[in-house]
Amino acid sequence: MTIGIISSALANSETILASDHGSIVSINLFVALLCGCIVIGHLLEENRWMNESITALAIGVCTGVIILLTTGGKSSRLLVFSEDLFFIYLLPPIIFNAGFQVKKKQFFRNFLTIMLFGAVGTLISFCVISIGAIHFFKKMNIGDLTLGDYLAIGAIFSATDSVCTLQVLNQDETPLLYSLVFGEGVVNDATSVVLFNAIQTFDISHIDSTMALQYIGNFLYLFILSTLLGVLAGLLSAYIIRKLYFGRHSTDREVALMMLMAYLSYMLAELFSFSAILTVFFCGIVMSHYTWHNVTESSRVTTKHAFATLSFVSEIFIFLFVGMDALDIEKWRVISDSPGTSVGVSGILLGLILVGRAAFVFPLSFISNLTRKAPHEKVDFKQQVTVWWAGLMRGAVSMALAYNQFTSLGHTQLRGNAMMITSTISVVLFSTVVFGLMTKPLVRLLLPSPKHLMRTLSSEPSTPKSFIVPLLGNEGEPEADQNNRNACRPTSLRMLLTTPSNTVHYYWRKFDDAFMRPVFGGRGFVPFVPGSPTEQNGHQWQ
């Protein structure tokens, strides 16, 4: 008996060791593929059609084919999809870096329009897709789907992925358009996730006006509290670093504190069931406005590159995995008896996405333009088409929500669920590849770049300051540099940057200078300390 127990334990340990070895091999291959994506993406950087998202998807699909062939058609993946991997580890650096890099002046100047597109527009798209799914899919006999499933489909396919468009647009050439596409993408993701979670928690079988009002109130409650949590986390990090000034002893400490405080804000939002996307986004905005100016010059460069690198690698990781997961044979085998139905479902979903997007972009743009007096502040038709196109791609958020709704630990044997997973994969692949390939030519056709501005941008050195200063909308720039920049910018933009206006931003600046910056630091309000960020250029920002 003792010999039997020992042999059983040895067999189990051998199985564990084999499993560990397999995991190590898979991770090695995946990391090698990430390196390959970066190298190939760099080589194709100037290509008219390709971008790194499409490159990662293509490499993922090719890798999936190779794995399928080597395993005899049993598997196409190196790693098993995990919602925790996506929502806990990959999404936070992407969203935080988005807030950290955003041009705050443009973002808040267009805040109402961004909220119109990101919140109200997502609700309109959600309704169009949900109603369309109920109308068409019930006639197609795709499987047993409940009302909650149909509403979840609306939330899943309302989540946009504007990465391809943002890679083409330039903040300096089209500041209004960039801020709209960028801001809407973040608010859209948050709204879609809140919608999806509400569908999971509310009793869908008894929908009435009271429940609708309750949902609206719950959405506003989550939005406000999530934003406040992110702002508080950012302010706390700024206050701690300003008062204790970690840079006197070690820049590593202040860099580590910024990273950990940002991640803590995201996890606290998850803990309290808030919108973690909104929390970490606004934490990034506040940190770039206050905390970043309180650290040493070397820490500024380090944090800027570190956050951008983490975001970049996370995005490549996601698209690479989506490409491999597209060939998961288990899900395709469940619906192998009706390939025509699968193609039909994917086609209908793409059509609903197109219609749902158009149903709010053009009407809400018209409403937004009514509130704007200056012609250069209005969203013209070409820009509206670009905004519409930017939201047609579907990506990692849609995939993660679909797996949450229609699988258990990444697996399903139900025909309806498998149909929706495979259709989601098809829509993500088609929209990212086909729409993504057409993005660069379309944007260049609709929005030709001013040649003199392109020459100016390409001649600027890629030093830390060259990508730090634009984040602050030129505020506090040395006078000589500002005059040089203004000399080559359009007249309307020059006037906008140099002439104070009685706007919300103008009054916020007065409040910020009088009350916030003296307490939390920031540009021009960091006390002179030997070895501090102001030691070398302290008088420059006075």
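Each residue, glycine too, has its Cβ placed from N, Cα and C.
Same-chain residues lying 6+ beyond the ends of the transmembrane segment (24-44) with a Cβ under 8 Å from its Cβ atoms: 50-52, 55-56, 59-60, 63, 78-79, 313, 316-317, 320. According to TrEMBL, the transmembrane segment annotation covers 24-44 (among others).
The domain 'Cation/H+ exchanger transmembrane' annotation in TrEMBL covers 31-444.
Feature annotation from TrEMBL assigns transmembrane segment to 56-73 (among others).
What TrEMBL records for 85-102 (among others) is transmembrane segment.
Positions annotated as transmembrane segment by TrEMBL: 114-138 (among others). For the transmembrane segment (114-138), the residues of the chain that approach it from at least six positions outside its boundaries are 107, 145, 147, 150-151, 153-155, 157-158, 179-180, 183-188, 190-192, 195, 219, 223, 345, 348-349, 351-353, 355-357, 359-361, 364, 367-368, 387, judged by C-beta separation under 8 angstroms.
Look at TrEMBL and you will find 219-241 (among others) tagged as transmembrane segment.
The annotation transmembrane segment is assigned in TrEMBL to 262-287 (among others).
The feature transmembrane segment is assigned by TrEMBL to 307-327 (among others).
Annotation source TrEMBL lists transmembrane segment at 348-367 (among others).
For 387-406 (among others), the entry in TrEMBL reads transmembrane segment.
Using a Cβ-Cβ cut-off under 8 Å and counting only residues 6 or more beyond its ends in the same chain, the transmembrane segment (418-438) has close neighbours at 49-51, 53-54, 57-58, 61, 142-143, 145, 149, 153, 156-157, 161, 164, 319, 322-323, 325-326, 328, 331-332, 334-335, 341-343, 345-346, 349-350, 353, 389, 392-395, 398-399, 402-403, 405-407, 412. Here TrEMBL flags 418-438 (among others) as transmembrane segment.
The transmembrane segment (85-102) and the transmembrane segment (348-367) are not in contact, since fewer than 3 Cβ pairs between them lie under 8 Å (pairs 6 or more apart in sequence). Counted over residue pairs separated by six or more positions, the transmembrane segment (348-367) shares fewer than 3 Cβ pairs under 8 angstroms with the transmembrane segment (307-327), which leaves the two as not touching.
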